[in-house]
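**Q** From TrEMBL, for reference:
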DOMAIN    50-168  domain 'Autophagy-related protein 16'
COILED    51-148  coiled coil
REPEAT    221-262  repeat 'WD'
REPEAT    305-347  repeat 'WD'
REPEAT    356-388  repeat 'WD'
REPEAT    389-430  repeat 'WD'
REPEAT    448-476  repeat 'WD'
REPEAT    477-509  repeat 'WD'
Amino acid sequence: MIEDEVSKEAIKRTMKSLRRRHLLEEGAHGPAFAALLKPITLQGFEWKEKAENLELELQQCYKAQSRLSEQLVVEVAESRNTKSLIQEKETLITDLQSEIEQKRDECSQLKESLDDKTKALDVVLSENHALKAQLEELMINVRNTDAENKLLVDRIMSEKLEAAEKINEISMMYEDLRVRCQINSIEQLARQHVDGVIRQNEFGFEDLVESTVPSVCKHTITAHAGGCGSVLFQWNSDKLITGGQDRTVKIWDTNTGLLSSTLNGCLGSVLDLSVTHDNKSVIAASSSNHLFVFDIGSGRIRHSLTGHTDKVCAVDVSRVSCRHVLSAAYDRTIKVWDLQKGYCVNTIISHSNCNALCFSMDGLTVCTGHVDGNLRLWDTQTGKLISEVSAHSQPVTSIYLSRNGNTVLTSGRDNLHNLFDMRTLEVCLTFRANGNKVASNWSRSCISADDNYVAAGSMDGSIYVWSRSKADIVSTLKGHTAPVLSCAWSGLGKPMASADRSGTVCIWT
């Protein structure tokens, strides 16, 4: 406010001085104007005009002078405002300089703190180097200890392997002796056979079981979700084993139709089953390219046999030993497995995929049925092809060895069921029916326990039973509503079981 009043007073003084100057100039120029008027009047009108023009110019000069005065006043005011702004800036600069001084003090303090922290870090690094050296020494000691432990473990494992090899040698010697004894007993029994028939007055008749032709469905069981592709009985038992699309293996009591136990663990659908002769283990062929060996007593998996590269569609256990297992897969290989060792001991390669197979009675040969319709005999030890015959015009779907081992039943997609002599691979009998149509590439047919009857399922859900002696149909069983995929006959002579694509199992008596 004080500065504004000062500026106003300065402006007033300036205006007064300008007016005085103007009056003085007018007074100074007055005599000149008067002197000039006389000659101008005398000289005429032209001079008068010039005087008037000069007067006008003088008035314009006064106006310009007034404008300059006003501009001067404005500039003086602006200069005073600029001066006040400069003073404010100087004050701000002073404040900023004081803040800079404070920041410098803080920076010096932080620098001192950083120096202290650096010194502490150097101490920690020196301690870390010392600890690292100690750790390296400890690691060297650990490596030395691990090397010593490895040597000890290798020594222990080598001793265990030597002991296991000795045990395996003893087991193999025992197995060979047992096989020889069984072969000798089989040879003695074979001498009493006449064309594959045991006379009632000869030795071995008491082991012959007479089978009855089934006619009634005793139980209808919904066994598996998605379908049941394999059924078989335990040896000389009425216990039925089934496997299906639900990746389970189930054991049933055929007297009551109730479930006895369920074996879980398969990674794919169960396509075929086989059981050892001591009824302790069941082997499941799976679409997951694996074979699963279940312990029936505990329900647990003993082995998971891996080696096939495609789905395993057929499996069988040796009739001489519970140790050896055959499997066939859609990778065109047939493998021989040792259950004691838990791995494959021989691989047979065929140019055609195998759908079904079975061991011979002596366990030295294997009979296989293939997609090309041929029946082949192989040596299980050398893997060489012994014999080959064209069994069907379309793929073979089933192979079943008779109880005496002299004949083998084959079924094909040509809807024929042929009975071959194992010794000559010649067709003994052919079974057919107008309504009988094989349902799939893995439809299984069977022979009765006394080798007198043949049973096979059909696409229409029927089961056809033929008599070997009459070479004709003796019964047609109807109870399924879906194509029948598998049939099995109990070694006790009855009952018979069948399974269809919907997962239903029928027990026939």
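Any Cβ shown, glycine's included, is placed from N, Cα and C.
Just so you know, TrEMBL annotations never went through curation; they're auto-generated.
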**Q** Is it the case that the repeat 'WD' (221-262) and the repeat 'WD' (477-509) touch, counting contact as three or more CB pairs under 8 Å in which the residues of each pair are 6 or more positions apart?
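**A** Contact between the repeat 'WD' (477-509) and the repeat 'WD' (221-262): present, because at least 3 Cβ pairs are under 8 Å.
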**Q** What else in the chain is close to the repeat 'WD' (389-430), if you only count residues 6 or more beyond its ends and a Cβ gap under 8 Å?
**A** 193, 196, 319, 355-361, 367-377, 436-438, 440-447, 449-451, 454, 456, 466, 468, 471, 491
**Q** Going by DSSP assignments with H, G and I as helix and E and B as strand, what are the residue counts for the repeat 'WD' (448-476)?
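**A** Helix (H, G, I), strand (E, B), coil: 0 helix, 16 strand, 13 coil.
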